[in-house]
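Everything on this sheet refers to the single structure shown next.
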Amino acid sequence: MKSTLLLRGLIALIGFAIAFLGLDVVFGGIRTLGWMGPTDFVEVVNPTDFAVQDNHVRFLGGVFSGIGLLFVLGAVAFSRMRTAIMVLCALVFIGGLSRFTTPDFGTLFNMAVLPSLLAELILFPLVGFWVYKAGKSQ
């Protein structure tokens, strides 16, 4: 029981963090609001095309926030959401693997990316496994 409470707390914390980071993109677009770092990394040379891509990125930020809220819901309704939490952990793992499609592998080992990559490839599979084990003990 104590282990499950700790797990649910971790899942809620993960969910709030993901939702928060998603909102940075929802309200800030490609440039973000700066909650994750500087916002002056892009120069617009075609405002019309930028606006379209910015809108798509805002949508993805909303999806990201929704994933975070599902993690929070999973912490609250753990028994009913166990499978969904495991699927979300798998999706985050797949997202981490997707980072390896970059043409510049040096970026992966940049300290602005590496902690996220390690969480995606190590923490989330461990959380998913913990959720699986917690369900077997109930």
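Cβ atoms are placed via backbone N, Cα and C, with glycine included.
The feature transmembrane segment is assigned by TrEMBL to 7-30 (among others). Sequence-distant contacts of the transmembrane segment (7-30) (same chain, at least 6 residues past either end, Cβ-Cβ under 8 Å): 36, 39, 42, 50, 53-55, 57-58, 60-76, 78, 85, 127, 130-131, 134.
Tertiary neighbourhood of the transmembrane segment (59-78): same-chain residues 4, 7-9, 11-12, 14-26, 29, 84-85, 88, 91-92, 134, selected by CB-CB distance under 8 Å and a gap of 6+ residues from either end. The annotation transmembrane segment is assigned in TrEMBL to 59-78 (among others).
Outside the transmembrane segment (85-102), and at least 6 residues removed from its termini, the chain residues within Cβ reach (under 8 Å) are 11, 67, 70-71, 74, 78, 108, 113, 116-117, 119-121, 124-125, 127-128, 131-132. The transmembrane segment annotation in TrEMBL covers 85-102 (among others).
Distant neighbours of the transmembrane segment (108-132): 7, 10-11, 14, 37, 82, 85-86, 89-90, 92-93, 95-97, 99-100, 102; these residues of the same chain sit at least 6 beyond its ends, with a Cβ under 8 Å from one of its Cβ atoms. Under the heading transmembrane segment, TrEMBL lists 108-132 (among others).
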